[in-house]
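Visitor: Please see the structure below; I have some questions.
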Amino acid sequence: MTVISLISSTKCFGGLQKIYSHQSKELACEMKFAVFLPASVEERRLPVLYWLSGLTCNETNFIQKAGAQRYATENNLIIVCPDTSPRNVNIPGEDDSWDFGSGAGFYVDSTQEPWSKHYRMFSYVTQELVDVVNNNFPTLSNKMSIAGHSMGGHGALICALKNPGLYKSVSAFAPISNPTKCPWGEKAFGGYMGAESKDEWKNWDATELVAKYNGPPLELYLDQGSEDSFLKDGQLLPQNLVDACRAAQVPCVLNMRDGYDHSYFYVASFIGEHIAYHARHLQ
């Protein structure tokens, strides 16, 4: 069993918001994750909602800004928030830009040196972290859902689409929906997988993956603010994903939120709806 070390524990809405560290075999470095445990874990095992955060974030942004603990308590869900990339692995250039390297793992498994040794966030989130959580907390190991914001919304979508049946539901706030067609994705995928490996890029793009999804029924539950500057700049491209879902006959809901931007003010405004959505699927 992986040894986890408690960094902090704070009472919140009757439960405990904790942060832990552990040595990750998948990423070959120390990683941190946050876990919210409602008070009801003292009485029974609970389902888990995994939350993936966006560019420049770590394991703390969501737990400090989204107000999700209240809804997790009301719906009897454990929420787990990993960091967004490996940290301090001493790769030249890892801290040079905000949208690649540290804080920008994009939830892919890199195939390109020197990133491939450490930048394996997909396998970390979908395998190693799940094992760590299930071995250390009172979870219902067969009841998991996944959600995220921006880069993390992209991550949530590909984790669900590439692992049919692993998650009971998936939702995404302002996801990078078609990364092979936007500047953020082109930069990240070019670095992590090689500029010439564009066929491989498609294996990490929700809009491409939907076309070949073959698994249990899965609805993509999407959220997008109308005044999101990254939407207007062509980084998010949610309509491409909606169109791909329609063509593939994969259920998709896109909630357009009039006047909202890309920030955690927006996420906090609708996180209750998303948690209630996942709770229904995790019953």
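The backbone N, Cα and C atoms fix where each Cβ goes, and this holds for glycine too.
Whatever TrEMBL says is automated annotation, not expert-curated.
Annotation comment: TrEMBL describes Ser150, Asp228, His262 as active site, charge relay system.
Walk me through the surroundings of each of these features.
Guide: Taking Cβ-Cβ distances under 8 Å and a sequence gap of 6 or more within the same chain, the neighbours of Ser150 (active site, charge relay system) are Gly54, Leu55, Phe173, Ala174, Pro175, Ile176, Phe230, Leu236, His262.
Its Cβ taken as reference, Asp228 (active site, charge relay system) is surrounded by 21 other Cβ atoms within 10 Å in the chains shown.
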Visitor: For His262 (active site, charge relay system), just count the other CB atoms lying within 10 A of its CB, please.
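Guide: His262 (active site, charge relay system): 21 neighbouring Cβ atoms within 10 Å.
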